[in-house]
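What Swiss-Prot says about this one:
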type	residues	note
TRANSMEM	44-64	transmembrane segment
TRANSMEM	89-109	transmembrane segment
CARBOHYD	Asn130	N-linked glycosylation site
SITE	Arg165	site 'Essential for the formation of the channel-pore'
TRANSMEM	215-235	transmembrane segment
TRANSMEM	241-261	transmembrane segment
CARBOHYD	Asn284	N-linked glycosylation site
CARBOHYD	Asn355	N-linked glycosylation site
TRANSMEM	391-411	transmembrane segment
REGION	428-450	region 'Disordered'
MOD_RES	Ser440	phosphoserine
Amino acid sequence: MGAPPGYRPSAWVHLLHQLPRADFQLRPVPSGFAPRDQEYQQALLLVAALAGLGLGLSLIFIAVYLIRFCCCRPPEPHGAKSPPPGGGCVTWSCIAALLVGCAGIGIGFYGNSETSDGVSQLSSALLHANHTLSTIDDVVLETVERLGEAVKTELTTLEEVLSVRMELVAATRGARRQAEAAAQYLQGLAFWQGVSLSPVQVAEDVTFVEEYRWLAYVLLLLLVLLVCLFTLLGLAKQSKWLVVVMTAMSLLVLVLSWGSMGLEAATAVGLSDFCSNPDTYVLNLTQEETGLSSDILSYYFLCNQAVSNPFQQRLTLSQRALASIHSQLQGLEREAIPQFSAAQKPLLSLEETLNVTERSFHQLVALLHCRSLHKDYGSALRGLCEDALEGLLFLMLFSLLSAGALATTLCSLPRAWALFPPSDDYDDTDDDDPFNPQESKRFVQWQSSI
């Protein structure tokens, strides 16, 4: 099948499409896009479950590390004031992990924007395709109504005026038959009329889902950013309560990061399967939803020399009918106007109607060509399979970096918390120091007693 203009499956699509797939019984599953197939659904769920496995391993590792830290820590000498060896390394490793998490947040914002741009391009292509289809229906309807009105008024009036000349009446009736035939041929060109599938509704649904997806990721990114910043603040101020709160928040964000990674991985794999060969699935789905013939859908989705225009015969017959009407009207003008002055007005009106109809016909020929709708199809595929897929991969990288950074932070924070000086150390000051809080309090009491 011919690829749409400007679209070629990217290297990421080929790479993800080649990954093996298996169902819950670990049996191989074909990589063709089949979202309604139960085995294919299980394969995507299994891809998402790999993130759950990563979360479980992370939690087990963190738990084992903290248990070892709590149970196997050597006792500190009584009255020791100096920090244990390796304390600075622990703090700096925690800070480095948080900085990596902040870098991942920037990657996440970029990926979220790329995904949103791709979905917006898909919605714009759907809206433009709907405009083309609606214009075809409107032009056909206006042209058919214009020809019908001409048959009812001008041609009927012309027959009455020329009733005494049977050969002129016959020519007028011939023009009537050709006008009715042209209207019938043109009416069959409005192929989208009465179809239940609305590209506008699809675009609105896609935009609605994308708005909430974008907002959810922005909130997740901001949450990760706040956790990283407040954790760094807690380490800088050596605030135990802030570190404890951020430890709990880090655990929550760790779960969210792995969860988002599973969703992103399953979506990216499914999207790569679709983008590797989109024509077959889109053609079958559109035929199922619209009931249109495969000839029409193949013409617009493939748009190559191997597929002929299914409307070519109707267009040719319509053009011949209009040319025949034009020829008959010219003959009537030569024969009827010199003898019947009352025939001039309906003939001029018919000539004007025919000129407008021919202009509409040429516009209809351009609209029915596969080039415009096929261009929209290619634009939709580029938005979905290039920008959106690239954004998903950047979001996966963000989730991986944030999960790794938060796992390292959860291992480091308890050790860093243990290195903080106790609150009693702040009261170990000289009694004669004027900046001593106790001395300042006594000074205020003495001043108030004077």
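Residue positions begin at 1 at the first shown residue.
Glycine residues also receive a Cβ, built from the backbone N, Cα and C atoms like all the rest.
Here the features listed in Swiss-Prot are painted onto the structure.
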| residue | record | CB count, 10 Å |
| --- | --- | --- |
| Asn130 | N-linked glycosylation site | 18 |
| Arg165 | site 'Essential for the formation of the channel-pore' | 15 |
| Asn284 | N-linked glycosylation site | 12 |
| Asn355 | N-linked glycosylation site | 11 |
Sort out for me which stretch, of 89-109, 215-235, 241-261, 391-411, has the most Cβ pairs below 8 angstroms to the transmembrane segment (44-64).
241-261
Between the glycosylation sites Asn130, Asn284, Asn355, which lies closest to Arg165 (site 'Essential for the formation of the channel-pore'), Cα to Cα?
Asn355
Which residues of the same chain, at least 6 past either end of the transmembrane segment (391-411), have a Cβ under 8 Å from a Cβ in it?
12, 54-55, 58, 61-62, 65-66, 93-94, 97-98, 100-101, 103-105, 107-108, 110-118, 217, 221, 224, 227-228, 231, 247, 250-251, 253-254, 257-258, 260-261, 264-265, 267-268, 271
Sequence-distant contacts of the transmembrane segment (89-109), meaning Cβ under 8 Å and at least 6 residues beyond its ends, amount to 217, 220-221, 224-225, 228-229, 231-232, 235, 394-395, 397-402, 404-406, 408-409, 412-413, 415-416, 419
If we skip the immediate neighbours and take only residues 6+ beyond the ends of the transmembrane segment (241-261), which ones have a Cβ under 8 Å from one of its Cβ atoms?
51-52, 54-55, 58, 217, 220, 223-224, 227, 230-231, 233-235, 395-396, 399-400, 402-403, 406-407, 409-410, 413-414, 416-417, 420
Please report how many Å separate the Cα atom of Asn130 (N-linked glycosylation site) from that of Asn284 (N-linked glycosylation site), as a whole number.
19
Who are the long-range neighbours of the transmembrane segment (215-235) in its own chain, taking Cβ under 8 Å and residues 6 or more past its ends?
91, 94-95, 98, 101-102, 104-105, 108-109, 112, 242-243, 245-246, 249-250, 253, 256-257, 260, 395, 398, 402, 405-406, 409, 413, 416
